[in-house]
């Protein structure tokens, strides 16, 4: 009997172990060269590793807790705008599950969490009345992060303008946004700044200008041919200008009113895809540089040098707003560090420049995107049609910023890849392609750091599968799988890869 009971116990233990392995996903994944020579110790001593999300993509409670609607609420609730007519009303419900998510970060050995504050959760109308229930939520999240030893990196704006400000003032087309944003930022600095020491003003303002005012696919859906009206040749430049002035005003407020006592820093998050010349021809080389100037230079040149890139001034001419001397002084040097969201790369094919009839910001580049060279793709494609997996693009971006802009402090604020929506749970959990993605991109980042690039941290996008904007829930960027029927979280192989890599 004793032997039989022992055998039964052994069978039970083995069965439980198999179930645990199946649930973890990573435990059953083959691990040849699992870490690829990477470890925490391979990076600089104070280098920060974290994960990132944004408010509308994960919080839920969109119409509850005193929150006012944002432009994304109105957009997602309009049929036909988002895949499957999905929205962020519930998302991953981090509003109620933040402790579970913070505990997950801690178990995976992350140092920091980059999240955004929903402006309309603090100010339901974008200005005036404060929603104390929203303030309490962010206080609770920040306090719990610190309790668990995780550093908050707080982004003040991630696409989600309060709808009231769009309706009342016309949103980012109105120069008054600088004052409105500064008052919102001031409240956040005053309320949370005794615990938050790492701030970002905006996430990807270029994307807002491109998709919201040039192509018209995202809110507020303005473009030359859009039903809502707009001008793709002028409005993107006006919006970008107002973002830069709003950023500079908020940073000036922090530096004069709070920085001495709080000892924090404020940066901005910019997207940067690497552009490689298709050939050594003069036209292709010039096209690649032009693309970099119209992409990252649009924001970094003013922030570092106080003016827009010369090629933009030459091609865009009087459609490009001008900084007054006082504005240029405020904008120049207004970022304590630069956040870079880096995902992909493409080849650039050039042409002889010509003075053409202005049609759009995109057309002003006068380049052709190419994704293969001599019949060889630039890299495998992830689920998103824009996302080619090109690890050396990470090196290209970081090294370029070092060389062109005097090696400012950079934080990689997003980096990741997505899976499609038609996989089984087991396939989601066994995300070996994502493991390879992170291993190869971090290897290229380490190479740039070893060569002198001033990079202070890295944030994986994203902690959770979440609401991925136009794609709704059909695009899965998380290192943690979310069952959107139950909202249960299950770490993927990539999550365990980070856990193991960050142990040493």
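Cβ atoms are placed via backbone N, Cα and C, with glycine included.
Now, the feature entries from Swiss-Prot:
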SIGNAL    1-26  signal peptide
BINDING   57, 158, 203, 204, 343, 414, 461, 468, 469, 477  beta-D-glucoside binding site
ACT_SITE  204  active site, proton donor
DISULFID  223-226  disulfide bond
CARBOHYD  280  N-linked glycosylation site
ACT_SITE  414  active site, nucleophile
CARBOHYD  422  N-linked glycosylation site
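Positions of the features from Swiss-Prot, shown on the structure.
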| residue | record | Cβ neighbours (10 Å) |
| --- | --- | --- |
| 203 | beta-D-glucoside binding site | 25 |
| 204 | active site, proton donor | 23 |
| 223 | disulfide bond | 22 |
| 226 | disulfide bond | 16 |
| 280 | N-linked glycosylation site | 7 |
| 343 | beta-D-glucoside binding site | 27 |
| 414 | active site, nucleophile | 23 |
| 422 | N-linked glycosylation site | 8 |
| 461 | beta-D-glucoside binding site | 23 |
| 469 | beta-D-glucoside binding site | 22 |
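Sequence-distant contacts of residue 57 (beta-D-glucoside binding site), defined by Cβ-Cβ distance under 8 angstroms and a gap of at least six in the same chain, are 88, 91, 92, 158, 462, 466, 467, 468, 469. For the pair formed by residue 422 (N-linked glycosylation site) and residue 204 (active site, proton donor), distance between Cα atoms is given as 29 Å, rounded to the nearest Å.
Within 10 Å of residue 343 (beta-D-glucoside binding site), counting C-alpha to C-alpha distances, fall the following of the recorded positions 226, 280, 414: 414. Within 10 Å of the Cα of residue 461 (beta-D-glucoside binding site), the following recorded positions from the list 204, 223, 414 place their own Cα: 414.
Other residues of the chain with a Cβ within 8 Å of the Cβ centroid of 57, 158, 203, 204, 343, 414, 461, 468, 469, 477, the beta-D-glucoside site, are 52, 54, 341, 462. For the pair formed by the residue listed as 'active site, proton donor' and residue 414 (active site, nucleophile), distance between Cα atoms is given as 11 Å, rounded to the nearest Å.
Reduced to three states, the DSSP call for residue 57 (beta-D-glucoside binding site) is helix. Geometry remark: residue 414 (active site, nucleophile) versus residue 280 (N-linked glycosylation site), CA distance 31 Å.
Recorded residues residue 226 (disulfide bond) and residue 280 (N-linked glycosylation site) have their alpha carbons 39 Å apart, per Cα-Cα distance. In this structure, the CA atom of residue 203 (beta-D-glucoside binding site) is 21 Å away from the CA atom of residue 223 (disulfide bond).
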